[in-house]
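Per Swiss-Prot, the feature compositional bias 'Basic residues' maps to 807-819. Under the heading repeat 'HEAT 2', Swiss-Prot lists 169-205. The repeat 'HEAT 3' annotation in Swiss-Prot covers 207-243. Among the features that Swiss-Prot reports, repeat 'HEAT 4' is placed at 244-281. Taken from Swiss-Prot, the feature repeat 'HEAT 5' covers 285-323. Residues or ranges marked as repeat 'HEAT 7' in Swiss-Prot: 363-400. According to Swiss-Prot, the feature repeat 'HEAT 8' maps to 469-513. Per Swiss-Prot, the feature repeat 'HEAT 9' maps to 515-547.
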Amino acid sequence: MVFERTLIDLIKGIRSHANDEEAFIATCLLECRKEATSQDADLKSEAILKLAYLEMLGVDISWASFQIVEVMSSSKILQKQKGYLAAVQSFKPDTDVLMLTTNLLKKDLMSSKVPEITLAIDGLSHFSTLGLARDLYRDVLILLNHSVPYVRKRTILLLYRLCLQYPEAISACIPKLRERLDDPDTSVVNAAVSVICELARRAPKNYLEFAPDLFHLLTTSSNNWMLIKLIKLFASLTPYEPRLVKKLIPSLTDIIENTHAMSLLYECINTIVSGNMLVGHSQCDKLASLCASKLRGFFEDTDQNLKYIALLCLRKLANTHPSLVSAQLDIILKCLVDTDTSIRLRALDLVNEIVNKENIRTIVKTLMLQLIVSSDESAVEDIRNSTATRIIEMTSKSTYMNIADFEWLLTVYVDLANIPGIDTGTLLNNQIIDLCVRVKALRPFSVDIFSQAILDPSYVSTTDCSVSEKRTDILPAIIWCLGEYAEFIEEYLDILDALTRPSFKKCSNLAHRLLLQAITKIFCQWCLEEEPTWGVEKFGLVKLWVEKIVSFIEQFLNFQDMEIQRRASEFYILFNQVSDIVNTSDTMEVLELQKKPPYIVQNTMYKLFFGEPLNPVAVKAQRKVMPDENLDLNCPINGVIEVPKELLENIIQSDDSLINFDTEVPSSGIDTFSKKQFNSLESVPVQRDLSSPFYLSSNQHTTTTNSEPENLNVETSMSDEAFNADKVTKVTKNKRRRKIFTSPSLQAMVVAQDEVPEGISLADIENKENPSNSNVYSLISLDPPLSTNQGSMGDIVLETKSPIRVEKKKSKKKKKKKEKTSGKE
């Protein structure tokens, strides 16, 4: 090239060669290599400047590190400036020539010219390493006494970088930084506060000695930016010095009441709610009320960021003063339906903390309406699922502590399942089952609404819907409850007919597993309920339904799911046993001998499914059972089985003889043992089978003819006394027989606690894990309700040893039945 390109020429050339930019840059790079080795200082510095520009385009210029150091050492400020600029951009911690810059940086730091000092400070802050920080931090400390405030400010900021690279320098820097807090220049003080604040984040306890000077700045400074830094610093110091709280509260209160800067106001409130300043003194309630009122003003602003940080502060405030946050429920509910997704999520987190018996209905209603409205919009699926999950969590919080009406809660769960576009099937199924297991008085109502759902043919036909229209599948919970609490079903045959519809083939595998078991339970309960009116007509119905159930179960024998196949095989054999008993040639003789349902249904199947009540078990119950001392869980049960060589040879020889036997024995030899003799031997039961309740004898209906009827009354617990009235009344043929219970609506709803192993208390392990909570007793107990604790309708009785109890309204239907029963008596 005839002439050298300047930086401006280089930029223009790159823009003009847009089509072949790489080739042009390669040409310029060759020129810069030649210029960088030139003896002309101006030409070399210009080449380094162009290389710095090319480095921003991604060109590697590490080969020019030594030439950059040469330009940095120039006595001319313009050339030195170009060298430092290239060094800042290209030097890395592993650059070899960094060791050559130590003396150069010392010389520039001690220069009498401010521009050279600032260049050295700026360069060192960018490419400092452990070695440079160790060798130069003492020289940098000298600059804290420089006469120019700008140099002092830049020096303080450089010290932060050096302390990070070389932590041993902190002990020497702290006294110097403390002196700069009294600097006459405000910018220097701001820099000192910033550095101290950043260093204190890593080890706050080491900076408690700064508290008097920092507090003086807090009370005298009018710089909002500095006040924010000071407040953040005190927030990190108060956990190590609780006495600072009393000193800070008046100053923070004064700032909150008088400032108009939202940023400063937020930092003050956040420091108070996060720094444990709302407990332990007489002004805590007044200060918390002031913070809550100021945070309310954040929601009136149009800035969405203020709403977001206000929700964060309110959630922290809810930990100490939930009642004050609950008073802001109206603005929180507005945030639940805000168009901003992040605000909705923060509002969800907040309402989960402040929910109580008074506001839970309002909160749940707002969330449900928000889900229904957003189902027609293109709402994010994760947000909808998160909202539905929060509804379930807040309603089941602390074992339904905030629930006064469990029937309302169950309808909420059912309505939640009917909202399209929500996928919380597993959680919702588990919650419905848990609710029915814990609250015994809720079971009749749950069976009633589940019966209505299962009788609707369209309820099952939702599997072919699109994702946006598909509803949460709670069929497993519905089927399980109908089978587990079949005694509350009113129309057994209608439910059995609904459960055996062909549309159930489209259900999930979990629903299929529970379906087979529920059908068996409902059939067994129906037979027991028909015992008082047993006759030819009922017997014929049983025969028809046994055939229908056998035909329905037969479809699942070859199912792909092994669990479904196993259950189908078990119940198929069980109903075949029932079919063999009821399908006799002389029906009248059977009716005269039994006068009741088959023994296998009345006794064996009943004990198989309804022998013991199903109670909730604590999650931590299993780990509280200590294993036996002689039990080694790490030892294999069988170990390594070694077969002796002689035994192995005998096994091989016996296998060979069996093969020869199969080929040599004539076919006539098989007939020597008649089929009749084989069946007679097969039918001989083992003695242990005769005493087993699960032994299904083929002639049980004839063996019990001369014996007295077996007492099938199951002993009930004290909590079941509400259902211990006479269950059966005489009815005519035209009048459907109904079971008469002592109305559960007249009794309190009891939420059952989790069961634990005998002799073990949940409080034992909790006291070990949480010693501070050793004196806290559970609000819910499994003890029977005391008559003296009967509350008014809808009240929850919270006592240390009494269960949660909810009075129910009297059911007109149950009341009429009770009057009829008393009249008959």
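Cβ atoms are placed via backbone N, Cα and C, with glycine included.
When the repeat 'HEAT 3' (207-243) is classified with DSSP, helix, strand and coil residues number 29 helix, 0 strand, 8 coil. Note on the repeat 'HEAT 7' (363-400): residues 329, 333, 336-337, 341, 344-345, 348, 351-352, 355, 406, 409, 412-413, 415-416, 419-424, 427-428, 431, 434-435, 438-439, 468, 472, 751, 753, 779-780, 804 of its chain, located 6 or more positions outside it, place their CB under 8 angstroms from a CB of the stretch. For the repeat 'HEAT 4' (244-281), the residues of the chain that approach it from at least six positions outside its boundaries are 211, 215, 218-219, 224, 227-228, 231-232, 234-235, 237-238, 287-288, 290-291, 294-295, 298, 301, 303, 306, 309-310, 312-313, 316-317, 320-321, judged by C-beta separation under 8 angstroms.
In the predicted model, the repeat 'HEAT 2' (169-205) has a mean pLDDT of 92.
Same-chain residues lying 6 or more positions outside the repeat 'HEAT 8' (469-513) and placing a CB less than 8 Å from one of its CB atoms are 388, 413-414, 416-425, 428-430, 432-433, 436, 443-444, 446-448, 450-451, 453-455, 457, 460-463, 519-526, 529, 541, 545, 548-549, 552, 555-556, 559, 561, 563-564, 567, 614, 738-739. Across the repeat 'HEAT 2' (169-205), the DSSP tally of helix, strand and coil residues reads 29 helix, 0 strand, 8 coil.
Through the fold, the repeat 'HEAT 3' (207-243) approaches residues 174, 178, 181-182, 186, 189-190, 193-194, 196-197, 199-201, 251-252, 255, 259, 261, 263-264, 267-268, 270-271, 274-277, 280 of its own chain, all at least 6 residues removed from its boundaries and within a Cβ separation under 8 Å. Residue counts for the repeat 'HEAT 4' (244-281) under DSSP (helix as H, G, I; strand as E, B; rest coil) come to 28 helix, 0 strand, 10 coil.
Summarised by DSSP class, the composition of the repeat 'HEAT 9' (515-547) is 30 helix, 0 strand, 3 coil. Taken residue by residue, the repeat 'HEAT 8' (469-513) breaks down under DSSP into 31 helix, 0 strand, 14 coil.
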